[in-house]
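These notes concern the structure reproduced below.
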Amino acid sequence: MEADFVIIGSGSAGSAMAYRLSENGRYSVIVIEYGVPDVGPLIQMPAALSFPMNMETYDWGFSSEPEPHIGGRSLVTPRGKVLGGSSSINGMVYVRGHACDFDHWSQSGARGWAYADVLPYFKRMENSQGGQEGWRGTNGPLYVQRGKRDNPLFHAFVEAGHQAGFEVTDDYNGEKQEGFGPMEQTIHNGRRWSAANAYLKPALKRPNVKLVKGFARKIVLEGKRAVGVEIEAGRTFSTIRARREVIIAASSINSPKLLMLSGIGPAAHLKEHGIDLVADRPGVGQNLQDHLEVYIQQECTQPITLYSELNLFSKARIGVEWLLFKTGDGATNHFESAAFVRSKAGVEYPDIQYHFLPVAIRYDGKAAAQSHGFQAHVGPMRSKSRGSVTLRSANPREKPVIKFNYMSHEDDWADFRHCVRLTREIFGQAAFDPYRGAEIQPGAHVQTDDEIDNFIREHVESAFHPCGTCKMGAVDDPMAVVDPECRVIGVEGLRVADSSIFPRITNGNLNGPSIMVGEKASDHILGRTPLARSNQEPWINPRWQVSDR
């Protein structure tokens, strides 16, 4: 079996590339996916978002090694093992990232990936329902909507931010990210709008696109040229050959693993596992980054939260309405208000993100408070901690060793203390007076730096945004894995295009920029002239040097 292009992974970037590479009908594309079909309400119902990430049917089941700086806790790292990849198990929050994120990419060696370069690709992929005119795309495959914000708590959160002196923004994906405002969702007609729904399924209707179910074991190389992929399907091993290129889009965990299994990575590490060296790229598996967050929870004195919907009868009613009409509480992820703010004067653009939720519960649906409540998920966006993904053995079936080194930099602790205290300030504003009860978590007794640090150590959680393990950069950067056209340095006919190529994590959730990578990489692969650069200038707070708000 062979095709012009062989893509490993049907996730956010892989699906976008399958769509774009096959669009003109000239080239054939094979997408290799080990995961299951994305069918059923557990995947497609937005409110069921906590289920698939806890199920081995849909998730690769990765976890970090015990993390020494958070008390030896091992944090789960869900990655989608399903059509659509992690876009089929994520929280459906859509964030492009801040313009300065991409300018930093370009300045660090990923030339051609500045905000002016990537903004046209965000517009090309979007079908925005209500975003800022002129800044948003309206004809792309990816539907993006705002929640209805029927619950008054969503408006209280935005008003509280305004009362605390922060900016308000109507579209954090438009000209102005900084501020409090509505959250955007990848939901369409009451269903999760994953990369599979947006890109892969339309692509599979074309005669030149084929989906192959199989476990990718390694890249097949002839000398220093990639010519195919060895896959395992059942008990059968076979090679799918690429006439033009192999493109890895297997996630920030599996992409570096696959490179190393194929002889591309740190020479000493590969030798340790008896793998023949093809290209010594010490950056493979390094530069691992993520977002961490804590949940600040408050009792609600009025019975208006989702706590009323957590009983079995209400869940059944919500499920039936969604199955019949795709409406009601099942048709939203319930993240409908958000904020991006700066932690202190001298910070040019937001470095703290908020997700607001009208219920007090863990992201994975566990440990719900036994009362009406609301919560903010809050965390710093630019941690200085860095981790790694390395091989456990040369066996492709073994999960890799994942070490995030969470909270290993002292600045992370100061940033999180500020996040906790800032959230208390926001919840203490007059807008919450009609609703505010006692603090559930951390609890009023947690006040000193040491007490807050203990709370963080015990309760900090991943936001599930791993990236950076196949860093994009200049060809003379020894830690770069791919060049600015996503080509693996030192190997021909092989590219990586997914969140693993991010030089630095972006300001927000990663599904949006991952799809953008797939869109832009497609033009590089096809040899097209990139879309014309934008001349639109993003809003930067004129007081950023003297004030945090």
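We count from 1, first residue shown onward.
Note that Cβ sites are derived from N, Cα and C of the backbone, with glycine treated the same way.
Taken from Swiss-Prot, the feature active site, proton acceptor covers His465, and the record attributes it to sequence analysis. Feature annotation from Swiss-Prot assigns FAD binding site to 4-33; the stated evidence is sequence analysis.
The structure, with features from Swiss-Prot marked on it.
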residue: Asp4; record: FAD binding site; contacts (Cβ under 8 Å, 6+ apart): Leu21, Tyr27, Ser28, Val29, Ala242, Arg243, Arg244, Glu245
residue: Ile8; record: FAD binding site; contacts (Cβ under 8 Å, 6+ apart): Gly14, Ile32, Ala216, Val229, Val246, Ile247, Ile248, Ala249, Ala250, Leu258
residue: Ser12; record: FAD binding site; contacts (Cβ under 8 Å, 6+ apart): Gly84, Gly85, Ser86, Ser87, Ala195, Asp498, Ser499, Asn511, Ser514, Ile515, Gly518
residue: Ala16; record: FAD binding site; contacts (Cβ under 8 Å, 6+ apart): Met125, Ala195, Tyr199, Ile515, Gly518, Glu519, Ser522
residue: Arg20; record: FAD binding site; contacts (Cβ under 8 Å, 6+ apart): Gly518, Glu519, Ser522, Asp523, Leu526
residue: Asn24; record: FAD binding site; contacts (Cβ under 8 Å, 6+ apart): none
residue: His465; record: active site, proton acceptor; contacts (Cβ under 8 Å, 6+ apart): Gln289, Asp290, His291, Ser499, Ile505, Asn509, Leu510
Collapsed DSSP category at Asn24 (FAD binding site): coil
Entry from the binding-site residues list Ser28, Ile32 having the most other CB atoms no farther than 10 A: Ile32
Assigned element (helix, strand, coil) containing Ser12 (FAD binding site), judged by DSSP: helix
